Amino acid sequence: MAGEGRVVRVNGPLVVADGMRNAQMFEVVEVGELRLVGEITRIEGDRAYIQVYEATDGIKPGEKAYRTGSLLSVELGPGLMGGIFDGLQRPLDRIAESVKSPFVTRGVKVPALERNKKWHVIPVAKKGDKVSPGDIIAKVNETDLIEHRIIVPPNVHGTLKEISPEGDYTVEDVIARVDMEGDVKELKLYQRWPVRIPRPFKEKLEPTEPLLTGTRVVDTIFPIAKGGTAAIPGPFGSGKTVTLQSLAKWSEAKVVIYVGCGERGNEMTDELRQFPKLKDPWTGKPLLQRTILVANTSNMPVAARESSIYVGVTMAEYFRDQGYDVLLVADSTSRWAEALRELGGRMEEMPAEEGFPSYLPSRLAEYYERAGRVIALGKPERFGSVSIASAVSPPGGDFTEPVTSNTLRFVRVFWPLDVSLAQARHYPAINWIQGFSAYVDLVASWWHKNVDPTWFEMRSVLVKILLREDELRQIVRLVGPESLSDKDKLILEASKLIRDAFLKQNAFDDIDAFSSPQKQAKIMRLIYDFYTNASQLLDKGLTLKKILEKVGSFEPDIVRVKYTVKNDELNKIDELDNKLKEAFDSLLKEVA
């Protein structure tokens, strides 16, 4: 132990202790007889202010505060996949077994990784090899989907003095020894890393490949790149959680980390019930084999909301360093900000806007800055990414409040949820007028190369139609649609088609829940062909009424495509497109 002090004051999750000379910021302290875990957030002389991550009921002045000399850290190694942890990375399933209670007992200590479970280790490095931070020295097939790569920790480099042969080992077994110029360092299957310190990498890259999610409005209208950042703000009942769950279920990421930060417990229960039954659309294996859940629900200690966000992003960086694309989903960062506000108030800090601490923007920036696509440290060379999608819950749907407005400064994709769309049963309720994505130009080349060379052009036409429809809506409200020209009436017709056939998506329909990029492009092609051909006929003097008499019957078929055509039956969409073109061609001949 690094020393101990005495508690002099208890104020909710904030404990003040004297006699803490030589303590460091963010050092872990165990408070009271129950040894409740806390973290030092302020030091004044030999007095430390400790943010305790468990309920402090019964802690009284005079009790001891034990310094540990270490920062709040997580265990990184085989056994994380498919696990459900609390905000301190304690495994909730094993805690339930040990305490025989539905609630987490205060002061309980259970390691994140199971100590007795044996893993089949295949070494890939040899004795005498020169190793440096990030080098892969062994592999473990953790699940059918994830090959866990054992990497040299960032602070270790030297000559591999010894490495264990292929066989079964626990995470505590020493599998290698590295000679660091006379100092021999033992390596186990797991390593520890402080959650507040970003893990190092070789080089940060520009994100150019889209993170495909199977949600059409996300992939096509407001795409996120691998290594990108996105925010989903929305008022109560607008569909934030279902949208985030859809991302977690269907996204192309190899590893998904879902952090439930201060949200309702039944939402995490939902995840645990659904994920084992669902199959990953990219591999056909159970989704839980690539998912890690961090549950810090609304009835758990407020202070641990902050640690749950950091625990999630540190685990994401670890899998990024192995060469995987990771998606971190956080629901919701507003609850974390509320925890910062409460603790700031208890520490008597000067409040800023709406009572939030003045350092809220810098904390949000630190968090989002840990996203990115990188070249990982070590050999062999590999690319990994951490993409972050976070919900924001502004009170009353006010996007000008501090958490939303500050988040907007740091994210490059904005998916605002509109309660009026949700009430109209339009899901996902992402407002296509307010939303934006800074990755459209970066990912366009991927779409052109792999899906459709006219993707950017078609998307631009769809977006222009939606923007023009928003302008026309005001005129229609005042004087009715009859006063509009045929060109503008066609805009209204096409925008209705875009909304019903493309933007709306049923997250609970077996076929519509996930749209492959090829299916998305083909549905977009149908709408694009409908609009551009009708527009040409209007230019040649035909009336919209005459055009719709001939081709209007195709509209219900275009809308039904998303429900009736599976991702491997796309030739049916081509057949419909050919029939549509034939109908337009016959109209063109009549005009001629």
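Cβ atoms here come from the backbone N, Cα and C positions, even for glycine.
Swiss-Prot has this to say about the protein:
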type: BINDING; residues: Gly234, Pro235, Phe236, Gly237, Ser238, Gly239, Lys240, Thr241; note: ATP binding site
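Each of the binding-site residues Ser238, Thr241 was scored by the number of other CB atoms within 10 Å of its CB, and the largest score is that of Ser238. Secondary structure at Thr241 (ATP binding site), as computed by DSSP, is helix. Note: Pro235 (ATP binding site) has non-local neighbours Ser393, Pro394, Gly396, Gly397, Leu417, Val419, i.e. same-chain residues 6+ apart with C-beta under 8 A of its own C-beta. Highlighted in sequence order, Ser393, Leu417, Val419, Ala422, Ala429 have their Cβ within 8 Å of the centre of the Cβ atoms of Gly234, Pro235, Phe236, Gly237, Ser238, Gly239, Lys240, Thr241, the residues recorded for ATP, and are not part of that set. Long-range neighbours of Gly237 (ATP binding site) (same chain, six or more residues apart, CB within less than 8 Å of its CB): Val419, Ala422. Counted over every protein chain shown, other Cβ atoms within 10 Å are most numerous around Gly234 among the binding-site residues Gly234, Gly239.
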